[in-house]
Amino acid sequence: MPADFSLLHRICKLVVLLCFFHIAVTVFFYVRSFDIPLAFPHKRQSHNNTTQSGLDTHTVSTSRTEWNTQNEEGTAAPQSEPGQKSVTEPRKSLEKCPETSPLLVGPLRVEFNNPVSLEQIKDENPNVQLGGRFKPKDCEALQKVAIIIPFRKRDEHLKFWLYYLHPILQRQQLEYGVYVINQDGDETFNRAKLLNVGYQESLKDKDYNCFVFSDVDLIPMDDRNTYKCFSQPRHLSVSMDKFGFRLPYNQYFGGVSSMSKGQYLKINGFPNNYWGWGGEDDDIYNRLASKGMTISRPSGDIGKCRMIRHNRDKQNDPNPQRFDRIAHTKETMNKDGINSLSYKLMSVEKLDLFTKITVDVGKP
Ligand code: BGC
């Protein structure tokens, strides 16, 4: 049966050939699996690209380190750690922070007996960035808040403010920046104009959508009093120790307040011509009321705050014109405000815990 033998022979040959082919393919892919840059430089690059685009859509596994490498506006800055590959990773898209921060602790002990130092505050707040900026690492803050503090020669008060407020604001999971607006010279103080300057200057830094206006000597006694904006302008310092933990009158809008950009612009900002103590906060209230807005407030308990006791500042005597001005807010507010603001910018200093902006606001 010679024919049968030759068929068997051919089949055997085919099987052997197939085996060789199989071994050759296996060896080829085995060798290719070695990461040899010189041998496959272009392949290696395309491998990295694939990994990056994969991360674009799969955001779960990014580390904290990556967030730390974000620059101010969120673009990733190249940075490598010892023993790590130096690759520019894409930004992780974080989930929004919850409406109520889970980090809040409620009532706080606030006292001013022991002085605090800037070094101590800096050490205790390692996540606060240059200029007094912060954003949560693990979630995307719901609001970008500029905190504006009108200021002149109150360094001791400012230290207490920074000491108490930085930890509170971080627990409130806000993205924020602290702007101290320092009135240059010794002319009469003008709180509302400094607040207008703070609004305008902070926007050069970041697209803030909420503005908290705070006196330097007021410290909240409960971190549930969130320094953010609401659907109506917010009055935050509702029960001050100075007033026996009560509102002095219903229209009172002094101390600490917050407004969204829209609310602020609706009233043309604040008056620029209240020189000396008093009245400007009442004018702001009149502006809000005349535009049909109401005041939102936390409860008296949550809105408790302490004022650092002090003597009246020089060049900040009660303004005798205030009663007359308050009576005419409606007629003056459209021409006096953010649309008529003028000042001379003297310096902008990005310090560890705040941005200090010194301005010449002129004189009465
Ligand atoms: C003044 C306000 C001040 C309030 C509470 C009012 O008479 O006009 O500016 O905030 O008293 O002290």
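Please read every residue number as a count from 1 along the shown chain.
Using the three backbone atoms N, Cα and C, a Cβ is placed for every residue, glycine included.
TrEMBL lists 12-31 with the feature transmembrane segment.
According to TrEMBL, the region 'Disordered' annotation covers 43-99.
According to TrEMBL, the feature compositional bias 'Polar residues' maps to 47-87.
Look at TrEMBL and you will find 88-98 tagged as compositional bias 'Basic and acidic residues'.
Among the features that TrEMBL reports, domain 'Galactosyltransferase N-terminal' is placed at 97-229.
Annotated domain 'Galactosyltransferase C-terminal' per TrEMBL: 234-310, in sequence order.
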Treating G and I as helix alongside H, and B as strand alongside E, what does DSSP give for the domain 'Galactosyltransferase C-terminal' (234-310) in helix, strand and coil? 20 helix, 16 strand, 41 coil
Overall pLDDT of the domain 'Galactosyltransferase C-terminal' (234-310), taken as the mean: 97
